Amino acid sequence: MTSFSCSSNVSLTLLISVCVSASIIASAGNFYQDFDITWGDGRAQILNNGELLTLSLDKASGSGFQSKNEFLFGKIGMQLKLVPGNSAGTVTAYYLRSEGSAWDEIDFEFLGNLSGDPYILHTNVFSLGKGDREQQFYLWFDPTAAFHTYSILWNPQRIIFSVDGTPIREFKNLESMGVPFPKNQPMRIQSSLWNADDWATRGGLVKTDWSQAPFTATYRNFSADACIRSSGQSSVCNSNSPAANNNNAWLSEELDSTAQERLKWVQKNYMIYNYCSDTKRFPQGLPPECAANNTS
């Protein structure tokens with residue numbers, strides 16, 4: 001099988017060529033096969049022969065899991081049903097992250113709230129250990145009532161966050177402007193449910209109501225069209241998505257005009273914080289990607 005060294009200075013053209021030539025099709029995702037429970041002392045459980053995974057939080061501990069594989073670019077999807085009821089103080093984090101002190105990371109974080117108030121969907125992009133690129137949104141549905149799909153497209157040109165197929169955020173590769181972009185470090189999918197009542201709900205003003213515990217989030221239908229790092233330093237392109245025989249088109253995917261209009265609709269109607277609009281936070285001037293309409 002074709003492979004290449006993740007640590008070598010392979011050009012993006014060669015990288016894409018290698019990934020495409022190594023493409024194979026695998027079966028739909030199974031939590032037993034694809035993930036390891038990493039902490040929680042039994043609070044995380046894989047159920048229904050690997051079709052469901054639940055994370056729980058009580059006053060003693062939260063819980064978490066991570067993917068067995070590391071990915072270097074991919075189109076990653078997962079269906080989540082978030083903690084119902086009074087979830088104030090809880091955070092359900094679902095993200096990609098590399099190892100080390102100069103890590104890369106692509107974040108979905110769901111900040112719980114009092115019953116009847118909307119969740120806040122918090123997004124961020126880290127490169128070489130530096131983040132500070134937050135955008136926050138309300139959702140146009142109740143994320144606790146049913147499963148919804150939260151997806152990350154990560155290719156050499158851009159990162160696109162999507163909810164049920166609707167893009168909510170795009171972060172472009174603007175290295176030409178001196179903006180670091182995650183492209184060299186393979187990342188694992190990780191998720192955790194934990195107590196963050198010191199900051200998560202109204203800046204920490206609303207505390208976790210432990211009489212509502214245990215708090216539980218549920219996961220299903222993981223899919224990945226991705227370049228997977230395996231055997232130490234080699235990577236191959238792989239897919240466990242049932243509809244993935246697309247010659248890895250995601251490696252060069254971008255938003256078409258319809259998707260761009262949907263992105264604008266979300267950002268106009270549901271965005272509640274954008275670091276590119278926070279001039280008080282950046283008195284010396286907004287980050288360079290903001291001027292390039294990277295996050296508008």
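Glycine residues also receive a Cβ, built from the backbone N, Cα and C atoms like all the rest.
Taken from TrEMBL, the feature signal peptide covers 1-28.
Model confidence over the domain 'GH16' (25-219) is summarised by a mean pLDDT of 94. As annotated by TrEMBL, domain 'GH16' applies to 25-219.
Residues or ranges marked as active site, nucleophile by TrEMBL: GLU105. Long-range Cβ neighbours of GLU105 (active site, nucleophile) (same chain, at least 6 residues apart, Cβ-Cβ under 8 Å): TYR95, LEU96, ARG97, SER98, ASN124, VAL125, PHE126, GLY131, PRO182, MET187.
The active site, proton donor annotation in TrEMBL covers GLU109. Cβ contacts within 10 Å of GLU109 (active site, proton donor), excluding its own Cβ and spanning all protein chains shown: 19.
Per TrEMBL, N-linked glycosylation site is recorded for ASN113.
For ASN113 (N-linked glycosylation site), the number of other Cβ atoms no farther than 10 Å from its own Cβ, over all displayed protein chains, is 19.
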